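Taken from TrEMBL, the feature compositional bias 'Basic and acidic residues' covers B:58-69. The region 'Disordered' annotation in TrEMBL covers B:58-85, B:462-485. The domain 'CAF1B/HIR1 beta-propeller' annotation in TrEMBL covers B:90-396. The annotation repeat 'WD' is assigned in TrEMBL to B:97-128, B:155-196, B:197-238. As annotated by TrEMBL, domain 'Protein HIRA-like C-terminal' applies to B:687-892.
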Amino acid sequence: MSAVEVLQVNVLNNPGFFRDPFCFEITYEVREALQQDIEWKVIYVSCAKDESLDQVLDEVLLPADTVGRFQFTLEVSAPNPDKIPSDDLLGITAVLITCSYKDQEFIRIGYYLNNEYDEAEMNENPPSPPLLENIRRHIFSEEPRVTHFLHSFDSPESYLDENASHPSYNSLLDTVEETQHSKLKNSDVQSSRMNFV
Amino acid sequence: MGVAMNPEWLTHRVRQGQPHVFSVDIQNTENNPRVATCGCDGIVRIWFLQALVDASKEPFEKEPERDTDSVQMEENSSKENSCSNHKIPENALASSLSYHSRSVNMVRWSPQGQLLASAGDDFLVFIYHKEEGRGYSPFGSNEPAPVENWRGRKLSGHSNDVLGIAWSPCGNLLASCSVDNTIIIWNIHSDTIITRLQGHESFVKGVSFDPTGRFLASHGEDLAVMIWKTSEWRIEKEIREPFKESRTIEYQKSLFYRLDWSPCGRDLVCSNCLAFCEEKRTHAAVIFRRDCNFEKPIYFRSPVPILCVRYSKRMYKCYKDKPVNDENESYSALALGTSSGALLVWVSKSSKPLLILKKACKGAILDISWSADGYSLIAAPAIGAPLYIRFTEEELGYVLNAKEEKDFFDSVRSQLGANYENIPLTQSTIQLEMERLYAKHIQEGNDHMSQHQNNISQELMEREKKSTVHPSEQQQQQQQREYNVGKKRRIVPKCLSTAANPQESIAENSRLTTETNHDENHIMKSSSSNMNGYTSIETSISVSPNGEEALAKRNMDYSFGPKKEEESPSNESSFFLQDFHRKLDSYTPTLGEAWLFHSQETMDNQYSSTKLPAFPMEWSKHRVIDEEEKISLRVENDELCCIRNDTILWQAALGKNASPVALAGEKTTLYTAVTSNNMLHLFSIFGSRLYAPVLLNARPHMLQVLKGYLFVILVNGEMSLYRVPQVSLVLRTSVGPILPEQVVEKMGQPVFYPPLVSKQEDVCLTLYNGSSYLFQKNLGNWICIADDSFIHSEFFHINFNTQKENISPKYLLTWFRKMAGKTTVPKLSNVKPAKVFLETLAHLETMMASASILHSKEEFKKLLLCYIEKLCSAQATQIPSRIERLREVLDDILQGQQGFFSRNLESTEKRNFMLQVLLPAVSKNRQLQNIAEEYVEKIKSM
């Protein structure tokens, strides 16, 4: 069981301009009280091909020591345009919201977003230097990509270790139809980054 | 005509995998039942059955081929039901729960229907309950928003995949079986493990409680079906023979071995059997009958493996308007699912299946569930859409009405020796004898009194229900706040709701819950929030509005106080606990007061600053000593007179300028007076001075002459007890430690009842607030023998004041019953029975200790009986260690020489007391019959 589950994320001030802050209203549920704070991060993918250019827009701590449902609004400033390769400033990219506990990520929510000038002509011939005031940002808020990562949280739960499962049972399962026991883990633990178009 | 359909939307799937349903269960309620499903995607979904009913009415509905009379296998084409019904209809989904992180193997509703349990490959079991407010679908799933808000809590104990679960018929226990080869029995009220059953040598793939709650059946991959006896959790029967041929790969691949009991509890049916009968191997489901001691299996043969079996919870009859008799016999309906996706329905009156759907589902049928009305059925397949069938009465038969059903179940169960109320069987004549004794005691007691007791507990239950309050409203946190921790921002979120105690929020009666929110009688106070700013409150304090009333009543008691004080204490120097309690008769404590008294722990400076009110003015000049003989003391012209019937018995001068401030006396001992200069004058009954005037350290607060003793409390709290008439000090101490804090505020009112002195010359003081304290000389401390600590105890108001003369040891129980009947529960709301139970135990323990200190053997025995009864009550099942506690007590009485209990019982009477009183009380609860028996045997062999 994930000790913390994201119930809903509302993307506020969307669409907006490039320089507008990102604003997410996050509703989460603490299902098991945790000893330490959980950490939320908002990461802007500057360049799909180069992970090192990812910008961490903000990191915030939230308490998770009470079981219940909670809501907060996470407002983070826009990415630094100087750190974005000029080719990647416009077009489709992504923003990621991650939540980690004890420096280990357990949920990642990705949104594709599109940056473009409000005038079609400018999109075809982007001005240089870019006119940030005129770049509009649209987050595809209807299609979040949610990835869960197994996390032991405060208790070392043995099922995280695949080998702890009864070996013969697993081997038997392999012979069963693929659909029946395709392990969630395999399907969920994909690449830690989103795959881009 | 009945209908059938395969709703594609009622499935689970992982990404692009095949749709499937691992388990399905229809809520056991006739009013808008829900359906729970689960699968590999780790999600438990709750649907409304009505959605299926509605969907089946759509134009694409299809009549499956069926044949009610013939066994002929028919090709069924219902799966070709090619409508594109993939989209979840509106309002079909009640909730979608993503608590498990792996495949979910089984879902089951509790018998009463309010709770749902699920078991998964993440080694966990979850129990879900419904709450107010909105629900959320798994984020990012694009599912329609759920209609209801269900929340889960986890039960963690297995060390491997959990394959099956089963609820006990009472709904208090949950059994879960696992790949770790064990079965865990959970107490779902405390979420604790009652026991872990070890016996299977391989994965346990199915469990089922019988409807009478006496047995748990489990089926493991070691090809054994075990019948566990729930009273002591040991194996009653191990069935291996019919399954010995089943060690084939196709059965080992079978994920679950789900088994089931017939609704009456007589038959156990198991799936996954390769039977060897009539010289041939054949796949089968196998039925074991309880009345044949689970031997002589009956095979239900099939050309393909039968993977699951499920009985309808209802019984049926052929003719609607005729009563059930030999011609219109009642029968049960059993559904079987095979590995080829065929569904068979078989009714017990016939030797042939009622219905065979050869292609009911695309893949192997893993689970089947019947609706509570007995006419709907859902089969869950490993691949493809589930099958929903709704039968008509003509097809399946007429469901018995409640009375017919109960009569039938009763008759079957009485044959099986298990009655309807889920009480274990008697196992011996000893048990019957004990029960007879107990019943006799009860009958001799006052029947309506015991009924009254029931009422009390019912009242408590009611109150418990009412006190179910949703904390969410009070706890909703204003707004989010934030501050910085080092370089990072730390945000305190807005709290939408916190976890209410699941027991409190069982969705059984949500209407009631909301009503009580507005119950103006309950002033809810939430305790303060924690440092993060949001609340983690479990407790809420409720102040009864009767408080004022009770207080007013108490004030009246105070005004009567002086009158009471005129009554001299008991003539005997020995005393019993009831003497104290008699004085407490009219005292009604309120929660507010009780809490005040608790706070007296914090008073440190009471010793020095104690200031008791002075001796009552009205007694300083005139005091009646003996009402019957009309003896009184009076001060006339600075002279002390003793008067009987208006004639002066004697006169004495008190001295110059000395006006008396306190008078006291006892007609057979002596008379005393204290003058304004704090001099204590002692006079014999004939008026002669017995002693030189004694100088007291302060003004008197209380002056009492008891038989043989003079008792003085000064306003500074000093208490002295003198032996008279040969004046000598017995003890001197301060009453400071036992004084309640607000004594100062109650200036001018009596604080203590007249003291009592025991044979050991210990002093017992009872405060007007109802607390009693004993000063033990050899300990040098006050001992609390009765107070308000256990205000929730059922015996809080026990009245030991019944006519003493009627007591005879033989009728002890009768006598006690009378007293117990007088108990009243304090007017408190928000008290859980569990708390009442614990406090009652603690209270009885303290009272027993008090009785022991006071050497009140009779009382001790009565309290011990109460204590044993409490330990044996059904309610005590919630305390896992109760049997050990009970044994500890019984062992102590039986064997111990210096143990607490044996010390307080005469060794000569122990035996009879155990046999006549205690053990019958134990036997009352048949769950404990083996204990009662064990001790009867032990005693008899001694």
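Placement of Cβ uses the backbone N, Cα and C atoms for every residue, glycine included.
TrEMBL annotations: computationally assigned, not manually curated.
Across the repeat 'WD' (B:97-128), the DSSP tally of helix, strand and coil residues reads 0 helix, 17 strand, 15 coil. Looking just at the repeat 'WD' (B:155-196), the mean pLDDT is 90. Secondary structure of the repeat 'WD' (B:155-196), assigned with DSSP and counted as helix (H, G, I), strand (E, B) and coil, comes to 0 helix, 25 strand, 17 coil. Mapped onto DSSP classes, the repeat 'WD' (B:197-238) shows 0 helix, 24 strand, 18 coil.
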